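Heads up, the thing below is written out as C-alpha cells.
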C-alpha cells in the first residue's frame with residue numbers, strides 16, 4: 001500500500017511507538033508493522049562516526065510535493081512486486097488467520113512483515129451463498145511455507161568457510177566493540193568483525209549453558225548457529241511474546257528439548273521486550289554479549305550491526321564476599337539489578353552464577369530500560385535519566401563544548417510530539433548534551449542519522465531493507481519538524497554504506513571528528529517508549545520497554561585522556 005500526500009510518498013514498514021494507532025480502531029502493540037514515509041532530507045553536510053563528511057541533497061518536485069527518488073518498499077510498488085516474484089502471501093503463517101488477530105513481526109520471516117493488525121485490515125467482503133452448481137470438491141491443501149526473506153527462497157547464499165574464520169589477534173581488545181560480518185562486501189572490511197557463529201564457537205570458550213534475550217527469534221536458524229558440540233546445551237529464550245505469537249514461538253521450539261522460555265512482563269501498553277543480550281556460561285568462566293541484532297538470519301546477513309563483547313570473566317574463589325568482582329563502572333551490580341527487574345524465577349540461577357564471577361575487568365557502563373513508572377532516586381536507574389546521571393558524574397566540560405556535535409543513529413522512530421519542545425529538544429536533548437555537573441548554554445542541536453530512500457534503494461538488500469527501518473505515516477505526519485534533523489547513512493570507512501543499519505548509536509564527537517566525549521551502542525531506538533518520558537511535572541519517568549546498551553566514557557579507560565575513535569569507525 002502506498003499513498004501520496006503533501007509529505008511525500010508513504011509506504012509499508014513497521015514501527016515501535018504508540019502513535020501508530022488511528023482512532024477509533026483498537027490500539028495495537030508497539031513495534032507492529034505500519035507505514036514508512038519517503039521523507040525529504042534537508043540538504044546539509046554531516047559527519048557521522050562512520051564517515052568524515054556526508055552531503056545529501058535530494059531534489060524535490062515542488063508541484064507534487066514528493067521527493068524525486070524511488071519510493072520505499074510497499075505492497076503496491078513495482079520494486080516490491082519484483083522482490084516477490086512467484087511468491088504468494090510471504091508473511092502469512094497460519095493457513096486461516098483471523099483478521100482480528102494482532103501480530104508482531106514474525107520471528108521466522110527474517111525481519112520482514114506486513115501489517116495484519118486491526119487498524120490496517122480491510123473489512124471482509126460480504127459472504128455469498130454459493131450455488132449448488134458452483135460447489136466443487138475440496139482440494140487437498142498444500143502446506144503454506146514462507147520464504148526466508150522478501151527477496152525469495154533463493155536469496156540467502158551460503159558463505160564460504162573462511163567467512164567464519166576470525167583471527168583473535170585482529171580483534172579490538174581495548175574497547176571490545178565489534179561490527180557484524182556482512183555478506184557481499186570486500187573481505188578486508190570483515191577483518192575484526194564477528195558473526196554469530198564466531199561468538200558461539202569454541203574459540204571463546206567451552207559452552208555449558210546460555211541465555212538469549214531478544215525481540216525476534218527464528219529458533220531453527222538460531223540452533224544451527226551453535227557449533228554441533230554445543231547444540232544440545234541448555235538455552236533459555238527471554239522474550240516478550242503473548243497469545244498467538246507466543247504459541248507459535250513455543251511450537252518452533254518443540255523439536256529442541258534443550259530450549260526453555262522466560263516471558264518478560266510487559267505491564268504498560270505499547271511496550272516491547274527489545275533487549276538483545278547473550279549470557280554465556282563456559283567451563284572456563286562467564287561472558288556477556290550486548291548487541292543490536294535479532295536472532296534471525298537477515299539481521300546477520302547484509303545489515304550493519306554492532307555489539308560489545310565482555311572479557312572472559314573468571315570464577316571467584318570460594319567464600320568471596322558478595323561485593324567481590326565488581327568493576328570500576330559498577331557493571332556487575334547494574335547487570336544484576338537489570339536481571340532482577342524481570343522478576344523471573346527462570347533467571348534466578350543465572351543471577352547466582354553471575355555473583356560467583358569476577359567482572360572487575362569491565363570498562364563500560366550499563367544503560368538499561370525496564371517497564372515502569374519511577375519516582376525519587378529510582379528515576380535515575382533507567383532510560384535517558386540513567387544516561388544523564390552517568391554523563392553528569394563521569395564526564396567533564398570540554399573546550400568549545402558548543403561545537404561538539406551530538407549524533408544519534410537508529411533504525412526506528414517513535415512519536416515525540418507536535419513540536420520538538422515536547423520531548424526531543426527538551427528532556428532528551430538535555431540528556432545528550434550533558435557533560436559534567438555544570439549546566440552551560442545549549443550548543444549545536446542534535447543530528448540524527450537515518451537512511452534515505454536512496455540509501456535503501458541502492459543497498460545490498462534493495463528495497464526490502466526498508467522493512468527494518470520503521471517509521472509510521474501517522475507518527476510522521478504529526479512531527480514534520482523532525483525532518484530537518486535527518487541526515488543520510490554513509491559508512492565508507494567500514495565498507496558498509498550499502499549495508500543498511502540496524503545498529504543504534506549515540507555519541508558526542510569533537511568538531512574535527514577525531515575524538516569522542518562519550519559513545520553508546522544500544523538496542524534503544526529514537527522513541528519515548530525506549531528511553532522514557534517525564535511525567536507529573538518532572539517528578540516521575542515512565543518507561544514502556546526493555547532495552548539495553550553499554551556506554552563508553554574516557555574516565556573508565558585509565559591510560560586514555562580522550563577516547564580516540566576505534567579502527568572500526
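Backbone N, Cα and C atoms are what each Cβ position is placed from, and that goes for glycine too.
Since this is a predicted model, take the numbers as computed values, not measurements.
What TrEMBL records for this protein:
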- 29-44: compositional bias 'Basic and acidic residues' (COMPBIAS)
- 51-68: compositional bias 'Basic and acidic residues' (COMPBIAS)
- 126-147: compositional bias 'Basic and acidic residues' (COMPBIAS)
- 274: active site, nucleophile (ACT_SITE)
- 276, 504: substrate binding site (BINDING)
- 502: active site, proton donor/acceptor (ACT_SITE)
- 527: site 'Interaction with DNA' (SITE)
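Here the features listed in TrEMBL are placed on the structure.
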residue: 274; record: active site, nucleophile; Cβ neighbours (10 Å): 30
residue: 276; record: substrate binding site; Cβ neighbours (10 Å): 26
residue: 502; record: active site, proton donor/acceptor; Cβ neighbours (10 Å): 25
residue: 504; record: substrate binding site; Cβ neighbours (10 Å): 24
residue: 527; record: site 'Interaction with DNA'; Cβ neighbours (10 Å): 30
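Rounded to a whole number, the C-alpha distance linking the residue listed as 'active site, nucleophile' with residue 502 (active site, proton donor/acceptor) is 13 angstrom.
It is 12 Å from the Cα atom of residue 527 (site 'Interaction with DNA') to that of residue 504 (substrate binding site). If you measure from the Cα atom of residue 502 (active site, proton donor/acceptor) to that of residue 276 (substrate binding site), you get 12 Å.
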